[in-house]
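Below is one structure, written out as structure tokens; the observations come after it.
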């Protein structure tokens, strides 16, 4: 590059002046390239050679050359005074007026805020995006996109937790009810009528209409010790304290006949079609055929003390009895000798119940000194389950709707319990404080929803133990079996 008015040549990289001269530029327009070079020189430090000379020595720098030769590939050089427009891969060009707004958005985010966002999202800022990682675990089931697409968009429904009613649905007065563990003074018929004995009187309460009527009254010398409905609910048998057994027609409210044979009170009764079995304090069990005049057709001698629990199996093939001698006897219908004798209880056995959904399964419960509930296989005689109830067992009732059993208790808890039964054991579902005194008597409604309990606190309470999904449609009741019975 040559300077005007001089033939000497200046190296583009470095030069040293030899003579004192003034640099004079002709009056010609300054090109943008030359202007940038001058601006670069003005920004550098200057040094005077001597006081006698007015020449200012400027040492050319290599960055001046760099600045001079920073020429764009095409077009005119960019004017530094005009701000460059910003662009990115999504917006090729932006108006210059929006630069301030864009700069504020694209400015660096504070590190604390980025760290907080990363922590909330669950990833580490120091982790590389493309770093080597282990593969994600495979799904247990292959994902079928068609199945996922066709699946109905329904919320996941969890089964509702079962709720138990811990308060009675209805409470009736039962004044004068006898406080005796060995008696059975409450029963519920298949026609939805409740019978309860209060000292010398028998009352019936219609659960449909709510009406109450007095059915029977005994002599002053005796009292009512037990009541039991026939299968169709047409007849009510009443055991007395003097050893007699009366049979009443509920519809006409008349006594049909009185059957003798026992020498002591009759504390328990059980029907098997036209045969009525009665257990007495003497330990004897009598079978009565109510169709004939000579009603006593059999006697069972298997207990040395009072018989307080008696129950026929639903098919009528076996009879179970429990006594104050702590013994459970299982009898075949055609034999007077017990098939199985169980002595596992340590107290009187009043609670005896056959399972409705497994005909050969028998449950028995012991008194205050025992507090055990045993389950027996009546076909083999084996004990299949045992549970400690924690208090005196006064009655056992199987649920017709599910594999559950209800138990009522005396000392010390006086409660109503519901158990879930399985072959591996029992699980208590709920304990309901039922009465202020021991719960002596209980009966289940024909639809299996409501359990009635009675105690010496002179209250008759009704508990809704099953409802909703736990209840199936009740089996219709027909009068065919008992309607053909002619009681003489």
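Yeah, the Cβs are placed from backbone N, Cα and C, and that goes for glycine too.
Features reported for this protein in Swiss-Prot:
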{"type": "COMPBIAS", "residues": "7-17", "note": "compositional bias 'Low complexity'"}
{"type": "REGION", "residues": "1-29", "note": "region 'Disordered'"}
{"type": "REGION", "residues": "74-93", "note": "region 'Disordered'"}
{"type": "REPEAT", "residues": "178-215", "note": "repeat 'WD 1'"}
{"type": "REPEAT", "residues": "219-258", "note": "repeat 'WD 2'"}
{"type": "REPEAT", "residues": "261-298", "note": "repeat 'WD 3'"}
{"type": "REPEAT", "residues": "388-429", "note": "repeat 'WD 6'"}
{"type": "REPEAT", "residues": "434-473", "note": "repeat 'WD 7'"}
Secondary structure of the repeat 'WD 6' (388-429) by DSSP, residue by residue, totals 0 helix, 26 strand, 16 coil
Residue numbers, six or more beyond the limits of the repeat 'WD 1' (178-215), whose CB comes under 8 Å of its CB atoms:
172, 222-229, 231-234, 236, 238, 248, 250, 253, 267-269, 281, 306, 308, 324, 348, 350, 367, 392, 394, 410, 437-438, 440-446, 452, 454, 456, 460, 477
Could you give the mean pLDDT over the repeat 'WD 3' (261-298), rounded to a whole number?
97
Residue distribution over DSSP helix, strand and coil in the repeat 'WD 3' (261-298)
0 helix, 22 strand, 16 coil
